[in-house]
Structures are given as C-alpha cells and as structure tokens.
Amino acid sequence: MAALIYRQLLTNSYTVELSDEIQEIGSTKTQNVTVNPGPFAQTNYAPVNWGPGETNDSTTVEPVLDGPYQPTTFNPPVSYWMLLAPTNAGVVVEGTNNTNRWLATILIEPNVQQVERTYTLFGQQVQVTVSNDSQTKWKFVDLSKQTQDGNYSQHGSLLSTPKLYGVMKHGGKIYTYNGETPNANTGYYSTTNFDTVNMTAYCDFYIIPLAQEAKCTEYINNGLPPIQNTRNIVPVSIVSRNIVYTRAQPNQDIVVSKTSLWKEMQYNRDIVIRFKFANSIIKSGGLGYKWSEVSFKPANYQYTYTRDGEEVTAHTTCSVNGVNDFNYNGGSLPTDFVISKYEVIKENSFVYIDYWDDSQAFRNMVYVRSLAADLNSVMCTGGDYSFALPVGNYPVMTGGAVSLHSAGVTLSTQFTDFVSLNSLRFRFRLSVEEPPFSILRTRVSGLYGLPAAKPNNSQEYYEIAGRFSLISLVPLNDDYQTPIMNSVTVRQDLERQLGELRDEFNNLSQQIAMSQLIDLALLPLDMFSMFSGIKSTIDAAKSMATNVMKRFKKSSLANSVSTLTDSLSDAASSISRSASVRSVSSTASAWTEVSNIASDINVTTSSISTQTSTISRRLRLKEMATQTDGMNFDDISAAVLKTKIDKSTQLNTNTLPEIVTEASEKFIPNRAYRVIKDDEVLEASIDGKYFAYKVETFEEIPFDVQKFADLVTDSPVISAIIDFKTLKNLNDNYGISRQQALNLLRSDPRVLREFINQDNPIIRNRIESLIMQCRL
C-alpha cells in the first residue's frame, strides 16, 4: 500500500538519528587529565579575563620594554630611547660624534656637599666639582664639550627617586631628561652626524621605541615595573638583538579539530591595513562666508599588497565614533566667517577599521572563536584646508594629530556597492599628539585633536602592520562554503520557496484523476519510487532521501510514536498492577490519554465527544501497526503526494523534506476511524463526532464508549474512507447489499474502484472531498 512510505520514513528516521548520535559520540570523545598545581596555586578562582590563549608572534609588533642589556659600547638605533638603570654613583653613559659633541652623564648620590671628584671620561681623567643638596633623590648631570681639548660644562640636571635616566638620538639632536621626578621632561643637544654617535653605557639599560615615549617617561618618573626589579631578570649582551628568531609564517592554516562534516581551522595572518578618512564639507547658503558642517564620514579603500610572495586583495572601511563637535562664529554680519559645526576626534574618540581580504580565512567567517589581534600604532596628522571666501584672506584650518592604538577586534560586515563582506573590525583608541590645530586668521589656536577638514594630510592612505589569529568552524570539504547571509535570511528565502510550492501543490489537487489515484494508492510506494519523479542524480537522490528522513523524525507523527511508546509502557505496568479493574482509563491507556482525563465512566459520560476525539488522534498509529487489506487515509495521502511531486515544477532538494513532512501532518485533517464487532460498527472522528450503527440497516444505536475502548485495544482499526453519513446516503438513494456494505466499511479498494468506474456521484464526491483535504 502507498502508506508504506510513511512507515519507512518512521523506521529509517530513527536509524538516521542513531547514526548521528554515534558520530557525535565519536567526535566528542575526551581524555581526562589531572594537573596538580602545587600548594601555592590560586586554584579557587577562575581567571578574571578570559583570553584567546597563545597568539603566534610576528615581526610587526615591537616590545615596549626591550632588555635589560649588559654595559657595552654600540651605535644605538635612531629614534629609540636608551633607558639607563645605574646602581652606583659615577659615570652612567657617554657618547660622541668625534667632531663637535662630547656628552657624558654622571650620577651623584643624595646629600653631597660641593666637592671636587675625578671621573674618567672618554679615556681621560677629568676633575669635576659636583654637589647634590637633595636628602633623598639621586642627581644626574650632563657634562658636555664641543672640542676634544675643551672644558666640560654642566647641563640639564635630573633629580630622580627611581634612579633612571634616558638618552635618544632623533632628528639631528640628542635627547635627555631633566627636571625632577615625578615631573621630569625631555631636553636636547644639537649635533651633527647624530646617527653615527656611539654610546658607551656603564650600567644595565633598556631600549624603548619612540612611539612608546610616554611609557619611557612614566618609567623615568615612577620606576620600572615590579617584575624588572627581581633577581630573576638577567641582563644579556646587546648582540642578542641581532639574533634571527624563528618566527611564525605570514600565513598559517592549522587544523584544530575535525568531525565528519566540519573542522575547526586556526587562521594566523600577517596583514597590512591601509585606510583613509573621508569627510563632508557643506557650505551654507548666502554670500559664501558661512559653512554649516565639516564632518567625518565612512571611507572605503581597496588595495593590494604582497604577503609571503602572494598578492592579496584587501578592502577596508574606516569610520569614527565619539566625535567632538566644535564651532566658530566670527560675528553676526552676513560677511562674518562662521563654521556652525566641525568635528574633531580626540582621546575620547574611537576609530573603527573593518578589514577583509581574499584569503581562505575570510571565506567561512560565520562561526568564529578565539579571535585576537596585535597591531602597531600609527600617527595621523592633519593638513591645511583653506576656506575660500569671496573677498579677503582665506581662513586656514591647519595642524592637529592623533595616534591610533589597537584596542580590540570583533566580527563585522562591510557593505560595498556590489557585495557584503564578512570582515574583522579593528577598534583603535586615540591619544592626542603634537602639533595642535588652529584656524589661521581667527582666534582658534592651540586646540588638540584631529579635525575633519583635511584628516589625510594629502596622503593617499595611512598604513598599519599587524597580525590576527582566529579559529573558525568550516566545512570539512574545502569546496563548500558557509553562507555569507545569516540563517534568518536563508530561512526567509526557504519560506518564500515553500509558500510558492504550497500554492502549486494545492492547485494541483484538481488535476488528479480518481481512478488513477485508487490504483496508485494500492501500490507499495517506497522512498525510491516516491522520489523517482524528481530530476536529479543518484547521489542527489540519496542525499534527498536522507534529508527527508532527518526532517521527518521531527514531525508530529514521529513524536506521536515516541509518546505512544511511553503510553504503552505505562499501560502495561498499570494492567499488571490491577488486572481485575476494567475501566476506560486502564483499557484504553495504551492508545489514548483518557487516563489523564477521567477515571470513572459515570463521571465521563458527558464528555464522550472529548474522549473519542482523543482516542481517534491515536488511532492512526494503531492502524499502521495492524495493517489490513483495506485502503486507509495514508494510502490516499501518499498517492496524492506522489502525484503532486511528479507534476510539480518548483520542487527541489531544499523544499522536499518540508513538503513531505507537512503532507504527513496536514493531508486529510478530518479523519474518522471505525471498529467492527459482529453486526455492530463503532465510528469516531478526530473532530469529536461518533456513531454506532448496524451493518445491515445502518440503524443508529447508542454509542458505548467502554465497548469502543475495548475494541480499539483488541481489534483492527479501519480508516472510514466512506464515512457513516456517506454510507447512509448511498443506501437511501441506491440501496446496497450487506456484502457491499461490509466491503465499503472495510474500505475495500476493488469495491471503491467499481463505484468510481460506475460514476457513482456519492462515492465520487466523497473521494473528491478527501483529495481536496490534501492541502498544505
């Protein structure tokens, strides 16, 4: 019979579920490892900050504090501070270009009255008069001369509690620190050939890049971090800076874990971020002396660069957040210069840069964890923008600078004119830098930040180098790709396809020939014959059947089987405990939920309709379990489904599982079932209608719900294809024999075909009404 397809789906859907569970168990197998952290470990508290774990190192990120290094003579790199950490009084550092600058620094202990001391400077004994009036602070003094035979003069003393000093070669000058901690600041000495100046350090020292000068000043004023002051920090030779380290590859694809369909990939990438700001300058109406707005706006930038010998195409979007609104009002006259609003980004602002490139890391960026990034800082300086007035000198907005420092990374989506891109959003915090900005020929001057007038300063782009690392869940087959759009969009598209397919299915109901339908309903439709009309390859058909089974196991019919199994178990235990009790609840509990509704037949007499309706909803499963020779509702449902599948033009592998499952649940919702005992028939429908009548005369008799419950448990259940009202109408108008009546009651397909071939209007109308109930 055609209903075989539903029984196959019920059986095989649980096979699919079992297979899925076995694969899941295999993929989630774990190994327990016991770690003894020792008696001093803080084992009672979880980490406060959950990080991504190890992030592979790269060449692009410099350490803030590099060292300590042993005393030595070398040529320090330009634009790097030497942070000197002497432990005793005496000569700290000396350096010369051997032309016009000899500079040395000495350290004097606290509480030293004026005294003459001998120091060895550049290999010569030199007498120097020194003093330190401070009772607690050490004193650094610079000794400088401009000729080899000249006398030393003292400059730029620094009173220091931490006993730290700094010197740097930068921009044709030698910079040092002076003043008094904790408010020390920098000064400088001009020199020629500054880049060739060799330094001799007589104490341990550190190297700090100019970009981290604020940190260097913090150390000078407040001391080194506590970990640098332990005996575990051992100075090394300066030549160790030249050791070639084995660094991570610019491109790394690492398989973290793998299952049957998915794998976790860790992607590590060296990246070059190029970005630019965009702005909007709007002029007000009038005589041309007023501007309404100078503001930032998002800017897209596409570029290529080389990574590990491979050309990478990248796309960035730069936007700002937390801007500061300024204005300038030169007066109330129509010819007075006015800017109603101009935006400035400062230390309370953020810059967002969304980055995407065409590498494998961004192909499947949907399910991502352990995202981390290390990026260098970059300084952005403002250029000159002239406000063109009709008459008079142009006001010029000039200057302004900020530094961008990495403050985090998250997932984002970039929207271009043609496509949306899953990307990474790098967040940057800002710090203001020199010079301040001003508007020439106005009173606006000495303000800090980067104004929106000309933020790129005639540069095509700013550039940041860095590295990111992430772990992404991707398909095991590299040819597959997770969808760019989110699941909601995909589901909405599927719902649209299903809606169109439902309309097509419902319209096809009128094209089904009833004689062919009866023949098709008698065929043993299995999954292969059911889906054979769909144009697809064998592999696609197998995949389609699997998808149908996976969807079908979540249907209400499959859920009813699970509930029924529990009910059978409860009924068996109930009957074994009280075998002598024969009530509706104990007898029918195997197939109904009557035990939850009523326990006494006298109390439930008024709710027979409710009881029979509840019983009828379970009789579909009872009928499947006790298959008879008669045709049932599922045979008609499956035959109609097969006919519509063959005729459909919109069916595909995505919609078929939904349609088959919906058909099993929604086709022929108004069903009636009957049981036969001798000459009596008891019939009940899902909508709560019930009848009891004689076979020969179709005379109605009182409906005995107790008897119905007993027969449902012990006798075959039959689909009332031709229901009581149709039978009675047929008998009243045409007259039928007892044998014909029994065959129609048993839903004998041969008798049904005879009536249809004879074009009996009553039977034809009944079958047509069932076909019209096969709607989605």
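Each residue, glycine too, has its Cβ placed from N, Cα and C.
Annotation comment: Swiss-Prot describes 65-224 as region 'Spike head', evidence class sequence analysis.
Swiss-Prot lists Arg101 (among others) with the feature site 'Binding to sialic acid'. Every protein chain shown contributes to the tally, and the Cβ of Arg101 (site 'Binding to sialic acid') ends up with 20 other Cβ atoms within 10 Å.
Taken from Swiss-Prot, the feature site 'Binding to sialic acid' covers Ser190 (among others). Non-local contacts of Ser190 (site 'Binding to sialic acid') by the CB criterion (under 8 A, 6+ apart in sequence, same chain) comprise Gly172, Lys173.
Cβ neighbour count for Cys203 (disulfide bond) (all protein chains, 10 Å cutoff from its Cβ): 20. The disulfide bond annotation in Swiss-Prot covers Cys203-Cys216 (among others) and is backed by sequence analysis.
Marked as disulfide bond by Swiss-Prot: Cys318-Cys380 (among others). Within 10 Å of the C-beta of Cys318 (disulfide bond) there are 25 other C-beta atoms, taking all protein chains into account.
Per Swiss-Prot, coiled coil is recorded for 484-518, and the stated evidence type is sequence analysis.
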Residue from Arg101, Cys318, Cys380 whose C-alpha is spatially nearest that of Cys216 (disulfide bond), among the recorded positions: Cys380
Pairwise Cα distance for Cys380 (disulfide bond)/Cys203 (disulfide bond) [Å, integer]: 37
Cβ neighbour count (within 10 Å, all chains shown) around Cys216 (disulfide bond): 25
Surrounding CB atoms that lie within 10 Å of the CB of Cys380 (disulfide bond), all protein chains: 23
The region 'Spike head' (65-224) [mean pLDDT, rounded to integer]: 85
Three-class DSSP secondary structure - Arg101 (site 'Binding to sialic acid'): coil
